[in-house]
Amino acid sequence: MLFPTEFDVIVVGGGHAGTEAALASARMGNTTLLLTHNIETLGQMSCNPSIGGIGKGHLVKEVDALGGAMAAATDEGGIQFRILNSSKGPAVRATRAQADRLLYKQAIRHRLENQPNLWLFQQAVDDLMVEGDRVVGAVTQVGIRFRGRAVVLTAGTFLDGKIHVGLNNYTGGRAGDPAAVSLSARLKELKLPQGRLKTGTPPRIDGRTIDFSQLEEQPGDLDPVPVFSFLGRVEQHPRQVPCWVTHTNARTHDIIRGGLDRSPMYTGVIEGVGPRYCPSIEDKIHRFASKESHQIFLEPEGLTTNEFYPNGISTSLPFDVQLELVRSMRGLEHAHILRPGYAIEYDYFDPRGLKASLETKVISGLFFAGQINGTTGYEEAAAQGLLAGINAGLYVQGKEAWCPRRDQAYLGVLVDDLVTRGVSEPYRMFTSRAEYRLSLREDNADMRLTEIGRELGVVDDVRWDAFSRKRDAVSRETERLRTTWVNPKTLSADEATALLGKPIDHEYSLADLLRRPGVSYDGVCALRAGACAAPETLAEDDVLLAQIKEQIEIGIKYQGYIDRQAGEIERNEAHESTRLPEGLDYAEVRGLSFEARQKLTQFRPETIGQASRISGITPAAISLLMVHLKRGLGRRPTKPAESGTDSAPVTQ
């Protein structure tokens, strides 16, 4: 067979966004090419060796529900698993895992190399092939031209990346990897609105030089050990290990303050804005000057290395200051640094220049995903990559894009925030960003999305069969609890008191009993009158059984709140589903303020719902738009890409 040079979809970049994009497109049956500057770094965890967390774990579960690889790879590479917020409500509980970098990367590469319809090729991309307003391919650094009907760009921090350690800096995409300078210049020629952001990473420490006897041990959850994927099993996990905790102190803070005159952040060398929710240690000391100590987590990088990641001291201070501040902390007095911490500054492109499908508004068939859109984090990148891969696949198949709603998925919240509000700093997902978070829980991500994924072609038979059995078991057992009744004659006073604290005085369904505070599904099943289904009829293993029980319990206990939220979603549906004509002339909408006309023309929202979330667009402006649409006015063609396409980011 001749070497193929024409594909349906080309994905540029092999990080968390690029790998999910390539796998999703290929699962849909599209011939897909993944171009990476180095095949050895596919799926590499460039910063912290962990996956998940508050809000982030929700995204990972959604990627998994849609057939993605991140959760499954974490189950195969995870060396510590915890449920965060386990004592709080189900909406904010989140899974977090420490991962062995090597095992995680191996799991991702195995999936890439064994995915039908997917080709891998090691070459950096220097140019995009554009004909008119449509992308038609990519050109590599040695001039190889690949044609594609859609291109997904997932360049991470590589676009014109610059690495800073103290006042020294050099060009790079991350430590040890080259920056994508030519590609960045090419994108600027396309008049896409861009800006500059910054992120950083801490120094790495040799575990042989850490005094663990002085540190607080932080083990993972053991009863039960969590799994990340809905198809995951505890048996997949490698050996589990603890993390360790130390703290900064007054001396540490003095050392950091003494080095600020050589900090690229505080001397104006770095212009990019850093992440608010993952600040550098120098930023923490400056912003929280009254705080006497900060908690630092020492996280193992893997089972076959002595390297530790000190989570909480991301820094770009000079190396001598880094060494001194590390050794000022308890247990690290003799620590040897294996790699210095650094900051990296890179180009991003204003996500308000994207459609909700993640396709650029100015170049048809060109999709962006990951840090190029101004986000931070592996999980945010993977979720965007999955969506961009799906929509690139739908684009080449001539089908309508899938744009998840805010009430449907955290992925919908993420993308809607990006394309309507833009970013002024690296965007991180939190549960607080989702107004419908009680409906968007980790535990029901498959119930929300797997059926959609099946229709899109990204969910295989194995996942679909497992999901169908789980869904049917939850439905069947929930119905049984609602239709099985007990009364003072069938439920003895002793049993009722043991379960509820007092006897019952009239008839209740088992669901009514389960709805009471402190009552569990297992507690109801223990009643002689409960006659619960045998576990083996619900699920074939303990992990799936636990998932089913959790679904049943949450669904019944929170039914009233969930129904109330569903009513709110239904009321807002009219705005979310009302599309704005692509050529709508906002100058013809009577009564709109100058600011509203300017912003609507500039950002070209796709729906009334999107328009309502643009800064400065009032409820009155939305009412005027609705009236205008009902009249069927204002369809004069406009050029949606003309506004906001200068080289500087558009102000909000």
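FYI, residue positions are counted from 1 along the chain as it appears here.
Note that Cβ sites are derived from N, Cα and C of the backbone, with glycine treated the same way.
What you see is a predicted model, and the numbers here were worked out from it, not measured in a lab.
Annotated FAD binding site per Swiss-Prot: Gly13, Gly14, Gly15, His16, Ala17, Gly18, in sequence order, evidence recorded as sequence analysis. With a cut-off of 8 Å between CB atoms and residues at least 6 apart in sequence, the same chain places Thr154, Gly156, Ala369, Gly370, Gln371, Ala381, Ala382, Gln384, Gly385, Ala388 near Ala17 (FAD binding site), listed in sequence order.
Annotation source Swiss-Prot lists NAD(+) binding site at 274-288. Counting Cβ atoms from all protein chains shown, Phe288 (NAD(+) binding site) has 12 others lying within 10 Å of its own Cβ.
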Determine the Cβ neighbour count for Gly274 (NAD(+) binding site): the number of other Cβ atoms within 10 Å of its Cβ.
21
Whole-number Å value for how far Arg276 (NAD(+) binding site) lies from Gly18 (FAD binding site) (Cα to Cα):
25
Write down the Cα-Cα distance for His16 (FAD binding site) and Arg276 (NAD(+) binding site), rounded and given in Å.
22
Filter the binding-site residues Gly13, Gly14, Gly15, His16 down to the ones within 10 angstroms of Cys278 (NAD(+) binding site), Cα to Cα, kept in sequence order.
none
Cα distance (Å, whole number) from His16 (FAD binding site) to Glu282 (NAD(+) binding site):
28
Of Gly274, Ser280, Lys284, His286, which is closest to Gly13 (FAD binding site) if I measure between C-alpha atoms? They're all binding-site residues.
Gly274
Residue, out of the binding-site residues His16, Arg276, Lys284, His286, whose Cβ gathers the largest set of other Cβ atoms within 10 Å:
His16
